[in-house]
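Working notes, beginning with the structure itself.
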Amino acid sequence: MESKALLAVALWFCVETRAASVGLPGDFLHPPKLSTQKDILTILANTTLQITCRGQRDLDWLWPNAQRDSEERVLVTECGGGDSIFCKTLTIPRVVGNDTGAYKCSYRDVDIASTVYVYVRDYRSPFIASVSDQHGIVYITENKNKTVVIPCRGSISNLNVSLCARYPEKRFVPDGNRISWDSEIGFTLPSYMISYAGMVFCEAKINDETYQSIMYIVVVVGYRIYDVILSPPHEIELSAGEKLVLNCTARTELNVGLDFTWHSPPSKSHHKKIVNRDVKPFPGTVAKMFLSTLTIESVTKSDQGEYTCVASSGRMIKRNRTFVRVHTKPFIAFGSGMKSLVEATVGSQVRIPVKYLSYPAPDIKWYRNGRPIESNYTMIVGDELTIMEVTERDAGNYTVILTNPISMEKQSHMVSLVVNVPPQIGEKALISPMDSYQYGTMQTLTCTVYANPPLHHIQWYWQLEEACSYRPGQTSPYACKEWRHVEDFQGGNKIEVTKNQYALIEGKNKTVSTLVIQAANVSALYKCEAINKAGRGERVISFHVIRGPEITVQPAAQPTEQESVSLLCTADRNTFENLTWYKLGSQATSVHMGESLTPVCKNLDALWKLNGTMFSNSTNDILIVAFQNASLQDQGDYVCSAQDKKTKKRHCLVKQLIILERMAPMITGNLENQTTTIGETIEVTCPASGNPTPHITWFKDNETLVEDSGIVLRDGNRNLTIRRVRKEDGGLYTCQACNVLGCARAETLFIIEGAQEKTNLEVIILVGTAVIAMFFWLLLVIVLRTVKRANEGELKTGYLSIVMDPDELPLDERCERLPYDASKWEFPRDRLKLGKPLGRGAFGQVIEADAFGIDKTATCKTVAVKMLKEGATHSEHRALMSELKILIHIGHHLNVVNLLGACTKPGGPLMVIVEFCKFGNLSTYLRGKRNEFVPYKSKGARFRQGKDYVGELSVDLKRRLDSITSSQSSASSGFVEEKSLSDVEEEEASEELYKDFLTLEHLICYSFQVAKGMEFLASRKCIHRDLAARNILLSEKNVVKICDFGLARDIYKDPDYVRKGDARLPLKWMAPETIFDRVYTIQSDVWSFGVLLWEIFSLGASPYPGVKIDEEFCRRLKEGTRMRAPDYTTPEMYQTMLDCWHEDPNQRPSFSELVEHLGNLLQANAQQDGKDYIVLPMSETLSMEEDSGLSLPTSPVSCMEEEEVCDPKFHYDNTAGISHYLQNSKRKSRPVSVKTFEDIPLEEPEVKVIPDDSQTDSGMVLASEELKTLEDRNKLSPSFGGMMPSKSRESVASEGSNQTSGYQSGYHSDDTDTTVYSSDEAGLLKMVDAAVHADSGTTLRSPPV
């Protein structure tokens, strides 16, 4: 038996060990065993607590206020012995009251545990402060059915605890029912009992000692939800693949917990993301905000439907919903019901709505007659066009263009607005409503009517004067109930004829209706009535026939009180009798006949009869009413009545008598002292008033001043004028105004400065000499202008923007008809502060200035002001005004020098205000940056290589570049710079720009911007004609601007015009068809753009270096010889130059293609430099192609290693990927290689020195002996003009510059106003002119200087 027992014990031990090692299921495990068998253990403070736990698996201890083994006071150790291999002992030495709580021993991976609650009896700290008290905050609700637990647990189980609340203070004692205290839980009571309190605490008494728990702040938790708002609030439209974001915002009362739930359409893909968070409320709001965001990164058609956001606080639920519509792709279309014609009456409000179906919402732009419309105080632009008070000027064609911002699809619709104007009669505003006509005379009555649309009809009516009511004081004093047609003139005046004349004047329909009265016999009223669909207009004419009495006032028309006044009524004594005076008093206005007032003559009995004195002469009877010492009560309306001897009919005349109140003299304002010089004129006015009119007397130094030679008194002595003042005219002058009521005085001091006046003889001699000199000077000017002037039909178009078609209007008339909106462009001269001159020309100048308030973004802006010099002629003034109008016509673009304003009002010089580019022209800038050029700048190693590369430039190369550019000209604008632009900019804030290195990226960026600007000018149908680096200005942030496009010509118009004399043209930049056939097109500008690229990538070198501009040069250029690659270019850029230099203009790329190509090249360079993108100083966004077909050299070192690629003489092959823009080009073939001017050795030309002020870069050097040869060869060569749609007759010798635009110097010498040439240049001009003459058979005149 003993052995069996031992075997059983061993077997149990193995099973237990196996179960522990492999782990038994939870159903087979027994809870761990604790060393104490009690559920509650009570120990004293400062003793040691030790509990051992044994079990069948790995064990862990948990104790109050701690997480596992995180507290250093608590010691958990492995224990041995006993009947279990898994054993842990928890030991806490010197326990305190806060150690009271549940101690739990559990298996590590199974939720099976044993717990003992330990009281550490500490009478000094009977309440436990544990971490589970949530920092002393108790959350409650005001629900009566809810209870709240204040967690003031005790270290002693049988405490007598009460709850204290404040404020106000209140105590709660356990009642064994709803209010209780449990040492393991805390104090429990209904929450509403302490909802008023701010804080609570538990209190207990032990041995007459009172102990308190920690303070608990009472926080009342709310439930109210004010609103739930969805954003966007309206129906949402998206296209497939777009991102959907719905924000659901809930506003609640404070201390509310909120749960969000979203209800959305079922979707196949699980791609919805919901994020909930609290939102910080706005300051001052008593509300809490919660936000739930639903996001779908890429919506599909299945995501379409209703989305509902539900917010719940437990007791309250609110929701909001929206509908999401998903389109398969963006679209745009006009809806049905769009009108094409809208009619409105002048003065009314007009609305032109736009109905469309689109996703996304389109960009809406309105245009009126092709010009964009912006919102202002009269027009509101948006989804509908609203014109507040339509006028005749608002009529026209309105076009709305809708643009889909994603697909960029455009839809347009035009609406014609017709403004109808009711008939307006012009004479109503000009003629008094009561007119008098002599008896028996023929009279003509006229109505001039303006109306739109034309009148339906215009009719004349009449009525006898006595048949109409009389309303004194009214604008139309007569009112007639019935009107008779003029054809029924029985009882009235006989009508001889009526006729209507129609005309269309300035877009207005004008109708003149005439009524001819054969004899004025009867006083009547005539009415002309005009009617059209917009309304009606009428004019009533009082045709008052005079053959009766006349009234006059003596002695004055407006007498003053206390003067003797007489009213005289004069009548023909053979016709009239019984003359009587009446006064029209207040009682007359109360007499009625029916409903209308009666005429005066029908109501004489109601008037106040006056006594008068009768006088007679051979023809007239005169009845006089005299007022001695007239008073204000005497004024009023007086009626003179006379009876016809034959008909006994009474005729009445009304006269209003006005008596002015007496007023003592008064001088308003003070006379100011005046200081002048001898020989000038002094004028002073004495502003005196009074009744009777005061008599004015002037005194000088208290002596009466009388009129004398040079002293003039006018306007009743009010105005004093002293001409040709002398020294003795100085002194104290007194103005005295007197009438019967007194006098008033005012004084002024005249101070005369300067030397004593010369004698009259000396004055006569000086005046005579001046007159003779003026005569000879005018004669000389007339002679010179006759010699120099072109004939009358010519205008100096060299500085105009557009040359018009000669088959239409003359150029000057066409330019003058261009609009100039003074309200938009006029700028006050007093807000313009002129500074230093920037350039000057033969008749004009450019001045730097500060404009105050010309730009809304800045108080003061630096601008450039173009203005004429003193003595400019009328034609020059008209030319500058024409350029101003054309600059407005061209419009605004970032890469052109834009118009800012103008000063055109009389009283000062004509000024054209344009943008100021502080860094000067691009050619000068590039030459100044040669020593600072590095191809790449982004990486440190490459940057250092770039500096080394620049440093290793050969001295010979730099000397050659300096030699090439030493004779560079300034520009073709007609203005010679006062000093070099580099000197000017050193004085300005250019240090920031010049201190940076110049990179290949900069050069490509400059090229790209010029192409953008030329693309804009081409879109405006303008040709530049002088595109070169000297005409490109550099502004802030590396923005380049094209100037001198004032030289541009309108492509719609014929650019042919003939100039006299010799002038310089920039031959090095001109296309062959321009040189030989004078054909100027956009494609010839593309050739010039290629030369400009060469200038940029040679850092400002002069084109065709070392090449003599002679007959051989012209021949080789025509045969296809081109310039070598510049020293700093890439293969791609040189290929672009060759594309621009194609001999067939139609095969050259357009500027739009160049923009795309250079944009790709710029992006590729930026990526090669380590950038993902490049920020361009442009207003438009550049879209880059991934594969631009570009292969740039990786660094200057690689460029030097691959000498065959970087060699300027290298001939580039026609590879397919070399230029992306050629994929859609008209080009069918391209030369495999290009001959350059360096392929054939050239003899060094003889350098001819030309004065600096007339030096140019045009390269026009040709020996006179070569003229004949080139002329003969040109006759045999095909003409370039056959390739072009139009052909210019302009001489190559015509001016190639705009003389009023830009800051650069032109081809004229400012001192002599003539052009200075070398003999070679003059020869070339004559040679080319002769060649074209032989080719075209056209006789050319020499252009003016």
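Placed from the backbone N, Cα and C atoms, the Cβ positions cover glycine too.
Among the candidates Cys53, Cys79, Cys152, Cys164, the disulfide partner that Swiss-Prot records for Cys105 is Cys53. Checking Tyr925, Tyr1057 against Swiss-Prot, you find phosphotyrosine recorded for Tyr1057. Swiss-Prot marks one residue of Asn617, Asn921 with the annotation N-linked glycosylation site, and that residue is Asn617. Of the residues Asn320, Asn1298, Swiss-Prot records the annotation N-linked glycosylation site for Asn320. Here Swiss-Prot annotates a disulfide bond for Cys686; of Cys640, Cys652, Cys735, the partner residue is Cys735.
Annotation in Swiss-Prot places Cys640 in a disulphide bond whose other cysteine, of Cys569, Cys738, Cys743, is Cys569. Residue with Swiss-Prot feature phosphotyrosine, selected from Tyr211, Tyr1052, Tyr1080: Tyr1052. Across the range of the domain 'Ig-like C2-type 4' (330-416), the DSSP-based residue counts are 3 helix, 46 strand, 38 coil. The disulfide-bonded residues shown are Cys569, Cys640, Cys735, Cys1043; of these, the one with its CA atom nearest the CA of Cys528 (disulfide bond) is Cys640. On the backbone, the CA of Cys105 (disulfide bond) and the CA of Cys686 (disulfide bond) stand 118 Å apart. With respect to their backbone Cα atoms, Cys152 (disulfide bond) and Cys1043 (disulfide bond) stand 87 Å from each other. Distance from the CA of Cys1043 (disulfide bond) to the CA of Cys248 (disulfide bond) is 55 Å. Counting only same-chain residues at least 6 apart in sequence, those with a Cβ under 8 Å from the Cβ of Cys309 (disulfide bond) are Val228, Leu230, Leu246, Cys248, Phe260, Thr261, Trp262, Ser292, Leu294, Arg319, Asn320, Arg321.
In this structure, Cys248 (disulfide bond) is part of a beta strand by DSSP. Counting only residues at least six positions away in the same chain, the Cβ atoms of Ile425, Glu427, Ile458, Val512, Ser513, Leu515, Cys528, Ala530, Arg539 sit under 8 Å from the Cβ of Cys447 (disulfide bond).
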